[in-house]
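> Starting off with a structure, shown below.
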Amino acid sequence: MFSDKDIAHFSNLETPFYYYDLNLLERTLKACEEASSVYKFHVHYAMKANFNPIVLKQIEKIGFGADCVSGGEVKKAIEVGFSKDKVVFAGVGKSDKEINDALDNDIFCFNVESVQELQVINELAEAKQKVAKVAIRINPNVDAHTHANITTGLDENKFGVNSWDMPACAAILNISPNLEFVGIHFHIGSQITNMDVYKNLCIRVNEFAAWFEDHGFKVTILNVGGGLGIDYHNPNGQIPDFKSYFKIFSDFLEVKPYQEVHFELGRALVGQSASLISKVLYVKNGKKKNFIILDAGMTELMRPALYQAYHKIENISPKSEVNSPESAIVKYDVVGPICESTDCFGKEVELPETFRNDLIAIRSTGAYGEVMASHYNLRENVQIVSSEEIK
Ligand SMILES: *Cc1c(COP(=O)(O)O)cnc(C)c1O
């Protein structure tokens with residue numbers, strides 16, 4: 001929700017811009033921290049969701065680690081101040097350079113996604129006379145019941161090592177003096193809202209942990225990944241239900257006294273803390289469709305074009321005729337200016353009758369929003385505004 005003061009401030013700014021509500025971010029981080037510390041669970045922030053420095057600073061301050069999926073993210077995490085022993089590095093295609101840089105930085109752990117990658121890390125670590133800590137990212141074949149494009153833990157997905165390759169992993173680990181096995185890692189998908197999915201994951205984690213221990217490996221880290229969803233339909237001040245989420249893992253994971261449970265949350269920590277604020281350039285009323293054409297497009301927010309993601313769209317113009325109860329409700333396709341038909345934020349969106357220069361808020365854009373912005377069509381960098389500026 002935006003105050004009159006926020007909206008008055010927005011009216012004087014150039015659009016489009018991402019507006020970050022740092023107060024909501026802080027409350028969300030605290031809620032997660034409190035709910036996880038009840039069970040002594042460790043949280044790493046999945047940086048790819050949002051690596052804006054104003055966001056990273058707050059997350060680092062609360063004491064979470066960093067979950068990285070590229071050499072660039074590893075570098076950024078360390079620059080921002082995340083302690084190296086809380087930096088983990090996942091990714092299905094780590095290059096030799098990325099692995100070497102991470103070895104030089106003595107990060108906490110590589111989450112390894114193939115048998116061949118284990119061999120490569122061992123070779124590169126040997127050349128540096130180092131020992132690399134590794135966890136095996138296992139593809140547990142658990143259905144995350146989320147959008148197919150953000151499912152990662154099924155046999156047909158490219159991520160992780162499949163169950164039938166566990167013996168090959170064990171064999172490599174046994175003959176690789178430059179690898180230290182620390183545990184097992186999972187991440188089965190994103191925007192998961194069905195809590196039974198996590199229960200199914202826990203059962204598989206228990207099975208794989210037992211398998212490794214039966215084969216002579218000590219499993220000290222159980223990393224269950226991230227994926228907790230947010231409520232895109234109700235964005236106002238919503239903090240995800242971290243208590244229920246962590247309780248499921250406490251109830252269903254079999255954790256030995258020497259084992260640590262690690263989480264990698266991205267979307268749930270940052271998703272609700274931003275909105276993309278845009279202005280209406282034109283309104284086109286057609287026979288079949290009414291269009292609102294915004295000055296923001298898929299170059300600022302790609303999720304709808306990339307995986308038909310839903311974001312709540314609101315007309316937040318201060319003008320009384322827009323928000324008055326009498327104003328007619330009209331169905332619009334809300335689109336951007338980019339020369340692509342998929343550049344559409346929502347179809348048949350019910351809004352009060354809307355006019356040129358009205359302010360439009362696209363909500364819940366803190367995760368996978370700004371970080372996916374591009375320069376397609378030679379668009380300029382999207383602007384950033386934080387709640388601190390309006391105080
Ligand atoms: C993207 C990612 C996450 C975070 O996913 P969210 O759905 O944003 O919580 C966690 N772990 C890994 C390995 C990832 O790639």
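A Cβ is built for glycine as well, from the same backbone N, Cα and C atoms used for every other residue.
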> Among Y332, Y368, Y376, find me the residue TrEMBL lists at the same pyridoxal 5'-phosphate site as G227, E264, L265, G266, R267.
Y368
> Taking the Cα atoms as reference points, how far is Y307 (substrate binding site) from Y368 (pyridoxal 5'-phosphate binding site) in Å?
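Each residue's Cα considered, Y307 (substrate binding site) and Y368 (pyridoxal 5'-phosphate binding site) end up 12 Å apart.
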> Looking only at C-alpha atoms, tell me how far G227 (pyridoxal 5'-phosphate binding site) is from K48 (N6-(pyridoxal phosphate)lysine), rounded to the nearest Å.
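About 12 Å separate the Cα atoms of these two residues.
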> Fewest other CB within 10 angstroms, which one of the recorded positions L265, C339?
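So among L265, C339, the recorded positions given, the one with the fewest Cβ atoms within 10 Å is C339.
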> Nearest by CA distance to G266 (pyridoxal 5'-phosphate binding site): which of the recorded positions is it, out of K48, R303, C339, E340?
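Of all the candidates listed, K48 is nearest in space.
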> How many other Cβ atoms sit within 10 Å of the Cβ of E340 (substrate binding site)?
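For E340 (substrate binding site), the 10 Å Cβ neighbour count is 14.
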> Drop a 10 Å sphere on every Cβ of the binding-site residues Y307, Y368 and tell me which sphere holds the fewest other Cβ atoms.
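With the binding-site residues Y307, Y368, fewest surrounding Cβ atoms within 10 Å: Y307.
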> Quick test of your reading of the structure: among the recorded positions G227, R303, C339, E340, Y368, whose CB sits under 6 A from ligand 1?
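The qualifying recorded positions are G227.
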